[in-house]
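Heads up, the thing below is written out as structure tokens.
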Amino acid sequence: MSENIVWHNTSVSHAERTQLNGHKPAILWYTGLSGSGKSTIANAVDRKLYERGCHTYLLDGDNVRHGLNKDLGFGDNDRVENIRRITEVANLFADAGLIVGTAFISPFKEDRAQARALAGERFIEVFVDTPIEICEQRDPKGLYKKARAGEIGNFTGISSPYEAPESAEVHLRTAEMSVEQAAQVVVDYLLS
Ligand code: ADP
């Protein structure tokens, strides 16, 4: 742990950044099983916001694991650290004034609660609610097949739990809506 570290206030205020951007920052925290549609919907939302002139950035699970979190695995402790780092990074982007999307399974309630506590009122939990049978049928990355074959351990929904949110700000039942419809629900919530 570092000592002798002092927080520096920045000269450009949060209010000034918000005014320049023309919108408030937010963290859209997508959570759901692998293959539920987090990345797909987050990208569709990002595109819609971009087209409206919003300043956005998307933090995608796999991409972050290529860099920032490449030293982390999928055991419980590493998952917690994975989420902690992502939350800190999302918070920095939000401090910079952006609408940040994070597309991670984030299966544990406690981790999402920690993210919410750090992010404060700008945290918007988006539950991408897709039954596991459908995720498994979609299997866009072939991961369920590998998990069923025992080639991947700690796989959420199969050999590791997914704790569904009970009061997410946005609840998307993707079996009953298109990607376009789901993205519109998120944008409407954000800009209402
Ligand atoms: P995740 O990021 O949650 O792992 P992905 O977005 O990578 O999931 O994959 C979801 C897959 O399901 C994509 O191939 C997407 O095209 C497909 N899909 C089909 N219908 C929907 C829907 N209504 N909402 C989201 N994704 C859908």
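Just so it is clear, glycine is given a Cβ too, placed from its N, Cα and C backbone atoms.
Copied over from TrEMBL:
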ACT_SITE  Ser106  active site, phosphoserine intermediate
BINDING   Gly32, Leu33, Ser34, Gly35, Ser36, Gly37, Lys38, Ser39  ATP binding site
DOMAIN    25-172  domain 'APS kinase'
As a whole number of Å, the Cα atom of Gly35 (ATP binding site) is distant from the Cα atom of Ser106 (active site, phosphoserine intermediate) by 13
Environment of Gly32, Leu33, Ser34, Gly35, Ser36, Gly37, Lys38, Ser39, the listed ATP site - residues of the same chain whose CB lies within 8 A of the CB centroid:
Ile105, Val128, Thr130, Cys135
Of Gly32, Leu33, Ser36, Ser39, which binding-site residues come within 10 Å of the residue listed as 'active site, phosphoserine intermediate', going by C-alpha to C-alpha distance?
Gly32, Leu33
Please work out the mean pLDDT for the residues of the domain 'APS kinase' (25-172).
94
Quick one, of the binding-site residues Gly32, Gly37, which Cβ has the fewest other Cβ within 10 Å?
Gly37
Are there residues of the same chain, six or more positions away from Ser34 (ATP binding site), whose CB falls under 8 angstroms from its CB, and which are they?
Ile105, Cys135, Lys141, Leu143, Tyr144, Phe155, Thr156, Gly157
Summed over the domain 'APS kinase' (25-172), the DSSP helix, strand and coil counts are 67 helix, 28 strand, 53 coil
Number of other Cβ atoms within 10 Å of the Cβ of Ser36 (ATP binding site) across all protein chains:
28
